[in-house]
Every structure is written in C-alpha cells, then in structure tokens.
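Annotation source TrEMBL lists domain 'Aminotransferase class V' at A:6-368. Marked as pyridoxal 5'-phosphate binding site by TrEMBL: A:ALA74, A:THR75, A:ASN154, A:GLN182, A:SER202, A:ALA203, A:HIS204, A:THR243. Under the heading N6-(pyridoxal phosphate)lysine, TrEMBL lists A:LYS205. What TrEMBL records for A:260-287 is coiled coil. Residues or ranges marked as [2Fe-2S] cluster binding site in TrEMBL: A:CYS328. The active site, cysteine persulfide intermediate annotation in TrEMBL covers A:CYS328.
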Amino acid sequence: MLSLPIYLDNNATTPLDPRVLEAMMPYMTNLFGNAASRNHAFGWQAEEAVDYAREQIASLINCSPKEIIFTSGATESDNLALKGVYEMYASKGNHIITVTTEHKAVLDPAKHIEKMGGQVTYLQVNDKGLIDLKELEAAITDKTILISVMYANNEIGVIQPIREISAIAKKHGVLFFTDATQAVGKIPVDVEADGIDLMAFSAHKMYGPKGVGALYVRRKNPRVKVTAQMDGGGHERGMRSGTLNVPGIVGLGKAAEVAKQDMESDNARISAMRDRLERELTTIEESYINGSTEHRLPHVSNISFKYVEGEGLMMGVKDLAVSSGSACTSASLEPSYVLKALGLSDDLAHSSLRFGLSRFTKEEEIDYAINHVKEAVSKLRELSPLWEMFKEGIDLNSIEWAEH
Amino acid sequence: MAYSDKVIDHYTNPRNVGTLDKAKTNVGTGLVGAPECGDVMRLQIEVDENQVITDAKFKTFGCGSAIASSSLATEWLKGKTVDEALAIDNMAIVEELALPPVKIHCSVLAEDAIKTAINDYRVKNGLPELEMAKSHH
C-alpha cells in the first residue's frame with residue numbers, strides 16, 4: 001500500500017533508521033549520565049557510549065577515534081573549521097580558497113572571515129559543477145592557509161575531485177577542509193586515502209538524529225588545531241565546549257555503523273531506482289539533468305523542466321516531497337545560486353526539481369513519482385505561454401520582456 | 001507555505017485557460033513578466049461593440065499564486081466594460097486569494113497584465129494609450 005505524500009527530499013534530511021533509534025533509546029531514559037561526570041557510574045556509562053560511537057564513526061571514515069570532535073551538526077562543524085583554522089593559523093596567513101557552489105554554512109563563515117580582514121578566493125565551477133584544478137592551484141598564494149571544497153553538492157549531488165584537491169593542498173602546505181555532509185554515510189569516504197585534514201558531517205543526513213554532527217580534525221601529518229568558537233568546559237580536546245549530546249552521539253555512531261555495513265547494497269538499489277526515475281523523466285520533452293552524471297552521489301537527481309516554473313510544479317506534485325531549485329518563495333525571487341553557477345539560464349534555474357532518494361525509498365514510490373511529475377509538467381505546460389511560444393517556434397530571446 | 005483554498009482551487013481548476021486570436025482588432029493582449037524572473041503572464045480580452053469584455057483567456061508560467069491571480073483576473077474581466085476592468089486593483093486580488101506578502105508580486109503582475117491588454121486593445125482601435133504607472137517591483 002502506497003502511503004502519500006512520498007518523501008523524496010533526502011538531501012534535506014533523512015528519516016531515522018529504526019536500528020539507530022533502538023541504540024539511542026537507553027541513553028534517552030535510564031542511562032542519562034553526563035559524559036563529563038568522572039566520579040560515578042552514570043558518567044562512566046555515558047562516556048563509554050560516546051567512546052564507542054567515536055570508534056564506529058572512525059571505522060566509517062578511516063581515522064582515529066581521537067580525531068572526532070562532536071558538534072551540534074554540520075553547520076557548526078563548518079563554522080568551527082573555517083573560523084577555527086583562520087584564527088589558529090592567522091600568523092601564517094589570512095587567505096582561504098573555497099567554491100561558489102558551497103553550502104551557505106561554508107559561504108557565510110567565509111564572508112565572516114572577509115569581514116575580519118581575511119582574503120577569500122571563490123572558485124567557479126564548470127557546467128558540470130566541477131572545479132578546475134589548475135585554477136585552484138593558481139589561486140594559492142604564500143598567505144593561503146586553507147582550501148575548503150565540499151565533497152558532494154547538496155543540490156546536484158556532484159562529487160568534486162577530492163584526492164586531486166588534497167594532493168594540491170599538500171604540495172603547497174595548505175590545510176584541506178571538506179564539508180562532506182552529503183557524502184559521509186552515502187559513499188565511501190576515507191580521510192587517509194582522500195588526504196582530508198578537516199571534515200564536517202552530520203547525523204541526520206545518514207539516517208541518524210538531528211542536532212548532532214562532527215568535525216574530523218587530523219592529529220598527524222599534519223597535526224591540525226582549531227581555535228574553539230565557544231568557551232566553556234573545554235570538552236572535545238578543548239575545541240568544542242558544551243555537554244555532549246550523548247543520545248545523539250550514540251545515534252550518529254550507530255548510523256555510521258549501519259552505513260558502513262549497508263552502503264554497498266543500499267547504493268546498488270538506490271542508484272538503480274534513481275536512474276530509472278531519471279530515464280523516465282528525461283523522456284519528457286525539453287527536460288535536462290543538472291550537473292555531472294558521471295561524478296555524482298547515487299541517490300540524487302536534479303532535473304530542469306523547461307517552460308514550467310519550479311514552485312508551480314512543486315504545487316502540482318503535491319503528493320511528492322521534493323525541493324525546487326527555484327527560490328520563488330523567498331522575497332528575493334532569485335533562482336538557485338548553485339544552478340546559476342553551472343551557467344544555467346535564469347529560466348532553466350527557475351524550472352528545476354531536486355529528487356533525493358533514500359534507503360527507505362520503494363520501487364512503487366518511484367513509479368508513482370514518475371507518473372505524477374509527467375502529469376504535472378504536461379498540465380502546467382498547457383498553462384504556460386512560454387511553452388506555447390516554444391511550440392510555435394518563437395525564439396523567446398527575441399521577445400522584449402517587461403522587466404519585473 | 002500554506003496556500004489558501006482559493007489559490008489551490010484556481011491552481012487545480014484554472015478558469016479560462018487558452019489563447020485568443022491576437023490579430024483580431026477586438027482582442028487585446030497583455031504579456032508581462034520575464035522568464036528569468038520566474039513568471040510570465042499572458043492575459044487576453046475580447047471586447048464587443050459596447051466596450052464590454054465578452055471573453056478573457058490567460059496562460060501563465062509561474063508559481064501557484066501567479067496562476068491563481070491570472071485565473072481570477074479572467075473571471076473578473078468577463079462581463080465588465082473596459083473602463084470597469086481598468087479599475088481592478090491588485091490589492092483586491094490579494095484579498096480575494098489571501099495571498100501572503102511575498103506573493104503580492106503575483107497580483108501586481110495580474111494588474112499589469114490587465115492594463116497592458118486594455119492598452120493593446122485601445123491602440124488597435126485608435127484610442128490614446130493609457131498612462132501606465134511604472135510598477136514598483
């Protein structure tokens with residue numbers, strides 16, 4: 001039995017895996033101790049649970065458990081990495097390099113750094129959403145202290161050439177941070193093989209709970225330090241004060257364990273469904289897949305349906321929870337800056353939907369989604385003056401549009 | 001954002017979708033908005049010898065509120081004289097559809113489409129062009 005609406009917005013957040021909830025439950029009830037309480041069994045049990053979670057996470061990303069700093073989520077991890085590195089390494093230089101398609105949780109701290117007197121280079125991406133490694137290398141100066149490039153993009157799922165980027169960073173003695181929020185738990189991420197110095201990720205993108213995440217901070221070759229952004233009890237090796245969210249951390253640990261165990265089989269199934277969804281939806285005339293299809297997360301698809309506006313389309317597919325590249329709901333009416341960065345025209349950027357599948361997505365949900373989207377696009381095109389003009393062979397660029 | 005029932009109704013069952021022959025002298029066409037802004041509205045009126053709007057059609061590329069605003073506009077236009085139609089104010093559309101503040105833009109677009117269509121009709125029939133207030137959006 002199909003239950004509506006169907007959730008296909010797993011880049012925004014994923015449902016909690018029942019196995020994760022089960023692991024968390026005791027720590028939300030009778031095992032409620034503070035992991036920092038060193039004098040009694042309640043504290044020891046909590047600390048033990050946190051240590052175990054560190055091991056589970058370390059095993060997923062191939063690091064030492066000591067290199068995991070728990071935070072409230074990827075946004076905090078991003079802030080701690082950027083601002084923390086900037087403050088810690090200020091004597092070495094004030095220049096960082098990042099990319100225009102990063103999440104706001106990276107771009108906004110980068111702007112903050114600029115306000116504090118730092119220099120930031122924002123690399124462009126090509127039409128596939130990938131950075132140019134030569135441009136990256138050319139941007140490095142003797143003042144560069146950090147390169148921040150996201151592992152996989154949240155809107156289009158495109159995976160950057162992480163190993164090549166880290167090799168360039170290493171060659172120039174620059175630290176490499178990656179916001180891997182969309183990648184960790186979804187594809188194999190190995191901080192050793194990938195040459196990552198700092199990495200942000202979050203539990204709720206990998207079937208864990210909301211409100212907990214981590215920052216990986218390398219301890220050897222090189223030993224990396226970040227200046228704490230919150231002062232207090234000096235938890236997490238002094239880099240992030242605050243009482244540990246024990247049940248959340250247990251959940252993140254369990255989510256990591258499940259991800260490691262199920263990733264391969266999950267991805268085989270999810271990517272087959274995604275590819276079928278995409279194959280079917282691109283049979284719709286004038287529909288285009290956004291971003292590289294070669295270097296991409298297995299569960300993400302971003303498609304533009306030309307001559308149909310994204311928010312209007314979302315309303316037409318009311319039984320699907322998806323997201324739109326159009327930002328018509330905001331006062332600015334600006335389309336997605338990520339899609340714009342790929343060189344998409346404004347009208348195409350206004351016309352896109354993002355589909356994010358998950359471990360829990362069912363075949364029949366994909367069948368339903370395919371039909372639902374096809375019907376809605378067809379219905380809205382009947383309403384669209386642009387579609388009519390296109391069908392009549394009128395060049396839309398030849399029209400002098402009234403500026404609004 | 002939660003839309004009002006009226007927006008959903010107009011979106012789901014849009015009234016008067018279609019195209020009138022823009023070559024006819026008693027048809028006025030108003031095309032406003034721009035693809036890169038995310039909405040384009042085309043509103044057309046057919047006027048009889050008594051200056052009464054006998055038919056109105058629309059096609060809109062845009063969000064649910066834009067579609068609903070133009071659908072409602074066509075309903076309001078039919079049966080009105082051209083002069084009465086000129087008096088349709090965007091805030092009346094906002095009220096009728098209970099549009100949220102970020103969607104007022106859609107009602108402004110509908111008002112502009114009405115006025116542009118009337119102007120097109122007037123010009124075709126040798127009447128002086130109306131002074132169009134420069135819209136502020």
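Note that Cβ sites are derived from N, Cα and C of the backbone, with glycine treated the same way.
Sequence features, as recorded in TrEMBL, placed on the structure.
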| residue | record | DSSP class |
| --- | --- | --- |
| A:ALA74 | pyridoxal 5'-phosphate binding site | helix |
| A:ASN154 | pyridoxal 5'-phosphate binding site | coil |
| A:GLN182 | pyridoxal 5'-phosphate binding site | coil |
| A:SER202 | pyridoxal 5'-phosphate binding site | strand |
| A:THR243 | pyridoxal 5'-phosphate binding site | coil |
Worksheet entry | For A:ASN154 (pyridoxal 5'-phosphate binding site): intrachain residues, at least 6 apart, with Cβ closer than 8 Å | A:ASN11, A:HIS103, A:THR181, A:GLN182, A:VAL338
Item to complete: Can you tell me how spread out the pyridoxal 5'-phosphate site is, meaning the largest CA to CA distance among A:ALA74, A:THR75, A:ASN154, A:GLN182, A:SER202, A:ALA203, A:HIS204, A:THR243, in Å?
Response: 29
Practice prompt. Ten-angstrom check, please: count other Cβ atoms within 10 Å of the Cβ of A:LYS205 (N6-(pyridoxal phosphate)lysine), all chains counted.
Written response: 26
Worksheet entry | A:ALA74 (pyridoxal 5'-phosphate binding site) and the residue listed as 'N6-(pyridoxal phosphate)lysine', Cα-Cα, nearest whole angstrom | 10
Practice prompt. Pick out which of the binding-site residues A:THR75, A:SER202, A:THR243 has the most other Cβ atoms within 10 Å of its own Cβ.
Written response: A:SER202
Item to complete: Could you pull the average pLDDT for the domain 'Aminotransferase class V' (A:6-368)?
Response: 96
